[in-house]
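Step one of this worksheet: look at the structure below.
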Amino acid sequence: MASGVGAAFEELPHDGTCDECEPDEAPGAEEVCRECGFCYCRRHAEAHRQKFLSHHLAEYVHGAQAWTPPADGEGAGKEEAEVKVEQEREIESEAGEESESEEESESEEESETEEESEDESDEESEEDSEEEMEDEQESEAEEDNQEEGESEAEGETEAESEFDPEIEMEAERVAKRKCPDHGLDLSTYCQEDRQLICVLCPVIGAHQGHQLSTLDEAFEELRSKDSGGLKAAMIELVERLKFKSSDPKVTRDQMKMFIQQEFKKVQKVIADEEQKALHLVDIQEAMATAHVTEILADIQSHMDRLMTQMAQAKEQLDTSNESAEPKAEGDEEGPSGASEEEDT
């Protein structure tokens, strides 16, 4: 192994082994550095070449001079330069490692941030899709409910129009205001049958020869009749019940039968009063209908007179216009003829 580098030492012959390996286990040298003069095996030569890029290694030849020691100043300066270069490389390598580690950490943080943003966007998209689905379901449910409500409303209106009791009653009232035999308005009252009839019933109908009256006369007559029959019947019923209940000979069954008979009499009086009231209502409705019919007839007659007067006025206006046209033509020809005579 070589030793002594510098002016104080003489160059010793190399022993032909690697100066980097352990002396006891050092293999044979294969390359030698021309700058530092050390001999290396294949492995250490490659490491020395990568560590000191400015050094030049050559094949080791046993017995040849491996290295010429430079001057003291030159060697020291070269060694200092090599050390400085090595330190700079180490600093650069450390800075590169730090920058790489920082870049890796930044890239990891960016990737984590991107993953978090992707997760958040996925969650937001899922929430949005769920909200859209819920909105669609709600809108569909509202549309279905609206359609059902419309169909129900239509069904109700149809049902009301078909089964509305007020409409049916109005139709019945309108039908009652017409004569069932002749289809005319009920404008006369038959005293014998106590019935409303039309004007044709006493002429060609079933009421020929009967005593008749107007609707106003029949209404006043029915309304002026004494309506105390119901009150008198109730008073008589109370008196008879008192007398019957005070008789000790009357059994319980006889008392029940008596009460039923008396109440049937009262019910008949009530039914007669009901028919009388309904009859008055019918006569009043017939009077109103006849009155409206008279008013409509008067309006129609007035309209007919107005239309006739308008037609006559238009005819007179047309006649006056026709008579005025020839006169205007003659006036125009007169001055022209006079001017022609003057010219001649």
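Residue numbering: from 1, along the chain as shown.
Cβ from N, Cα, C; glycine included.
Per Swiss-Prot, the stretch carrying the note zinc finger among 6-47, 174-215 is 174-215. Matching 1-25, 251-275 against Swiss-Prot, the residues noted as region 'Disordered' span 1-25.
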